[in-house]
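J.: These came from TrEMBL, pasted as-is:
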- 48-71: region 'Disordered' (REGION)
- 51-60: compositional bias 'Gly residues' (COMPBIAS)
- 83-404: domain 'Aminoacyl-transfer RNA synthetases class-II family profile' (DOMAIN)
- Glu153, Leu154, Thr155, Arg183, Gln197, Asp201, Arg341, Tyr345, Tyr346: L-histidine binding site (BINDING)
Amino acid sequence: MLAKPCSLAILHPRLPSCTRQVFLSNFQFLIPAHSRYRSSLSAAAQSPLDGGAGAGGGRTGALSPPPVTDEVAQKIDVNPPKGTRDFPPEEMRLRNWLFHNFREVSRLSGFEEVDFPVLESEALFIRKAGEEIRDQLYCFEDRGNRRVALRPELTPSLARLVIQKGKSVPFPLKWFAVGQCWRYERMTRGRRREHYQWNMDIIGVPEVTAEAELMSSIVTFFKKVGISSSDVGFKVSSRKVLQEVLGSYSVPEILFGKVCIIIDKIEKIPIDDIKNELKLVGISEVAAEELLQVLSIKSLEKLEEVLGGAGEAISDLKQLFSLAEKFGYSDWIQFDASVVRGLAYYTGIVFEGFDREGKLRAICGGGRYDKLLSTFGGDDLPACGFGFGDAVIIELLKEKGLLPDLNQQVENIVCALDKKLQGAAASVATKLREKGQTVDLVLESKPLKWVFKRAARINAQRLILVGLSEWQRGMVSVKILASGEQNEVELANLE
């Protein structure tokens, strides 16, 4: 019997073509080994055997061993699936360093960490995120005939958890998460199909102070890793700008999300293509021209001249820029009316972090989403947040020469000078580990030359040698590798 995921890959054409190909190329590995063996026996029984009846002689019914097929002999591709990554030790050290900084900045701002399942209901993401997300989902039907998806982002999962908790949690909520996300999309520098994302969200605060706090946290992170306002900036606008322009042309509200997704492509496709897409969704040529003129504005003062100062968009933006000055990051932000963000659920202030040299895609982005919870059956709450991917920031740090030196660091390397003393060396290692020290225990009989090379490779601070004569006297030999100083130390005094 075939494993069900394989059959699903065939039955569900909504899976991306390369996802189906991955399932099909690994088809043989989904068949139990004993089934393949029986198939080989059956094939052998139905075919003439060397020297058998069908070949003019031999014992009736004699079976040769199953042939080694090309599929069995072929080596497996050792590369991870396209768009995903392995994390060998050196990459894992970098990832841990980055995540530590994400968590430390969140902690400094009083946020608490949460997490959600990587696998969620498909409906959670297609209901309000927009068509772009729908087309990028890794989705399938599980064995219970439920439509599920690997999460492409974290905000819908956050909304689900907030609704689940209801009034059992005190508001406002200041939550953060560092989670793995999956999107089937075209890969570019800093964009992968599998990535990790740092999210910070504030639930229950309607004032723009919440957005200002979030942007302050991102700036704090940048400063911690050595990035300045000359390297990175924030483009800031409000979805309400778009609403006011569309409202003046009586454009139905139902088209708002579609228009946002089109406008989000302004820097990615030619302007004529933008106009054509707006026309296809029902925006008149006059309204499209007016909209594009407004979205080209890069000054808050100029926007106020066009829209007037009475609207919520201008008021919110003025307050945010005033707060940025108080927080101390006004030199990081600039107004850009074309920023709308591609996700359909944003309702107010939106922002994007960008590389000032223009070599990379958006580093991070977020905004206000006051009406998201009601789309999942909950009561709406004022909310805002941001997502910050791991891949782009690593590229930026490489570009700026700011990646930290993260070689392996071990405090002690312990080695027995006699195979009979391996147990004694283990007891020394245990004693040090119980004191909270890191220990690399040499597990085999190795020459001292090898031990010194390993000590250098792992940046060990001390070499502890367990020799027969020293051990008989309750001592070990301790060598400080930086200075070369070596002494005998009583086991009881080993610190």
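Note: Cβ is positioned from N, Cα and C throughout, glycine not excepted.
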J.: By a simple count of other Cβ atoms within 10 Å, which of Glu153, Arg341, the binding-site residues in the record, is least packed?
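T.: Comparing Cβ neighbour counts within 10 Å for the binding-site residues Glu153, Arg341 gives Glu153.
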J.: Taking all residues of the domain 'Aminoacyl-transfer RNA synthetases class-II family profile' (83-404) together, what is their mean pLDDT?
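T.: It averages 91.
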J.: By a simple count of other Cβ atoms within 10 Å, which of Thr155, Gln197, the binding-site residues in the record, is least packed?
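T.: Output over binding-site residues Thr155, Gln197: least Cβ neighbours within 10 Å is Gln197.
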J.: Taking the Cβ of Tyr346 (L-histidine binding site) as the centre, count every other Cβ atom within 10 Å, in any protein chain shown.
T.: 24
J.: For L-histidine, with binders Glu153, Leu154, Thr155, Arg183, Gln197, Asp201, Arg341, Tyr345, Tyr346, what's the maximum Cα separation in whole Å?
T.: 21
